[in-house]
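S.K.: One structure follows; several queries about it will come next.
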Amino acid sequence: MSSSQTYSLPPVSEKNVIKNGTKFIQFDTLTKALEIEIPVTDDIPTKDDISKAEDDDPYKLPDLPDDSEKWEDMSNKERIKWFITSFGKAIGLLALLYTFVCTLDFLSSAFRLLGGKAVGEALSSSVLASNPIAGLMIGVLSTVLVQSSSTSTTVVVSMISADIITVKLAIPIIMGANIGTTVTNYIVAMGQTGDRNHFRRSYAAATVHDMFNWLNVLLLLPIEVATGYLYRLSKAIIDSLPQSNGTVSEPEFLKAITKPFTSFIVSIDSGVIAKIAQGKDENITTMMKGGVMKDIGWNDTNTGILLLVLSLIILCICLVLIVKLLHSVLSGKIAKIIRRIVNANSKGCLGFLTGLLAILIGAGLTFLVQSSSIFTSACTPLVGLGIIHIDRMYPMTLGANIGTTGTSLLAAFASAGSGNFDNTLQIALCHLFFNLTGVFAFYIIYPMRKLPIGAAKFMGNVTANYRWFALVYLISMYFLFPGIVFGLSLAGWKVLLGIGVPVIILILFIVIINIIQWKAPGILPRRLRTWDFLPIALRSLEPYDAFFVSINDKLPCKKKNIDSYNEEDDKPPVYVKTIS
């Protein structure tokens, strides 16, 4: 006689597992001892093995419980109570969203106060910008520091107007600015680390924007260097346009609502960065031009630090409250209706048009809020909650990339009649066609679409198992990697190629072998069919996980169990034990 039982186990490590034939005995303070059957292997199961035991598609939208009482079953008193509660939640959600958007503006202001002058000095070097790799990394680092691609683009345009750099040299900087603006998404995604699957989905949603931008740069930067594709296309359009009288004004939609409050707290003069980049910084002492923060009398650095700390605290509180309130509001039939509408797919040949409609919606909403970061950051928690699928988030993200160029185009037309109109419009067009080409390459061409989505899902799975990796990735990809590549580019092409080419070849080799191991392992030599011959530190994050877990254990505020495995909504992978 046999029966099957299911156990939810705490994290597995070499310290609490003893191998006995094909069985492992795991000791834990709560379960004392459990025997679990695992397919024959010589290795103790790691978190990489555990992730394989999870649901086949962890990104599948979860079932939404509908325990709400039906309207016809409510009494008049209950209906009034429901209406008042719903109205209060709606007002609270709008207030939190307003605070969230204002906090993102404060965060951007803090970064500008801390790094704005450094950005201006870095951009002022035409020698550095003349190297396309260095220009790309300058764009990434400068946008990360000021947390605004619009600011970086404005500085670049002012440099072009001052004849510091040419449009052709500015294109890699614009590409880098496209990458650097995605940092905010990661900060927002980290607000859902409390729930494993919520964090998995939200982090993948944040990463899909990043993956698209990096893949787009890897595709178009070499093409641009070799052929001048974006420069020639935008130049041809500029030459064919009639001169304008400058009747178009730069729009202000969301800023019209948030600017009174944000300017009351602190108002930043972004023109200071442009002046520094142009070498006109003799009499500049502060970037603040008004607000309560300026009245305090502190310098830019101290004010920036205070504003950064307060912004991060308020942002975290807002995210927690927004997620909880959304979880309460978007429940039952309401959540199901919204999810059905957002993730709907047309049948037959019209199915392809659904994604294009999502791109248009993303572009339109981003144009209204005038920031791709605000739009994608607002959608990220919804993906974590299971309202929006990651596959639908992707085209909306592409639309956000396109929408953020709309404001630049209108701003360019607003300067029509001035001496820098052609250059301003040409850079805006380069930015637009950079994103449009990426949409064609990584969305319209269906097989290519799988690359950014697959990479984002992979990153979501990794960070769900190793949550510390989210912060490591953020620091590595937005500070260390651009800084190292920037430093190598300063040493010259020979040094950059001498180190970069072998690294690229090694990465390509690993990627190709991984694909073959997955698709057709039989054609590989037996030794290369797995990476088991490598030291565990080179093929798994488990050793590093032990280090970070040990640090967490020393924290006075650590949880009883880092993985919260006894929570109903955050269970680790399930193993099945057969008892004979």
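Note that Cβ sites are derived from N, Cα and C of the backbone, with glycine treated the same way.
Residues annotated as compositional bias 'Basic and acidic residues' in TrEMBL: 44-53. Residues or ranges marked as region 'Disordered' by TrEMBL: 44-70. Taken from TrEMBL, the feature transmembrane segment applies to 82-107, 169-190, 211-231, 305-327, 348-368, 374-391, 398-419, 425-446, 466-489, 495-516.
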S.K.: For the transmembrane segment (211-231) against the transmembrane segment (425-446), do we get 3 or more Cβ-Cβ pairs below 8 Å once near-sequence pairs (under 6 apart) are dropped?
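M.R.: They are in contact.
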S.K.: Please work out whether the transmembrane segment (82-107) lies in contact with the transmembrane segment (425-446), by counting C-beta pairs under 8 angstroms that are 6 or more apart in sequence and asking whether there are at least 3.
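M.R.: Counting Cβ pairs under 8 Å (6 or more apart in sequence), the transmembrane segment (82-107) does not reach the transmembrane segment (425-446), since there are fewer than 3.
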S.K.: May I ask for the residues of the chain that lie six or more residues beyond the transmembrane segment (169-190) and have a Cβ under 8 Å from a Cβ within it?
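M.R.: Residues 104, 107, 123, 126, 129-130, 132-133, 135-144, 147-149, 152-153, 156, 159-160, 199, 202-203, 205-207, 209-210, 213-214, 216-217, 220-221, 224, 230-231, 312, 315, 319, 372-373, 376-377, 380-381, 384, 401, 404, 427, 430-431, 434-435, 470-471, 474, 478, 482 contact the transmembrane segment (169-190) from elsewhere in the chain.
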S.K.: Does the transmembrane segment (305-327) reach the transmembrane segment (425-446), going by 3 or more CB pairs under 8 Å (6 or more apart in sequence)?
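M.R.: Contact criterion not met.
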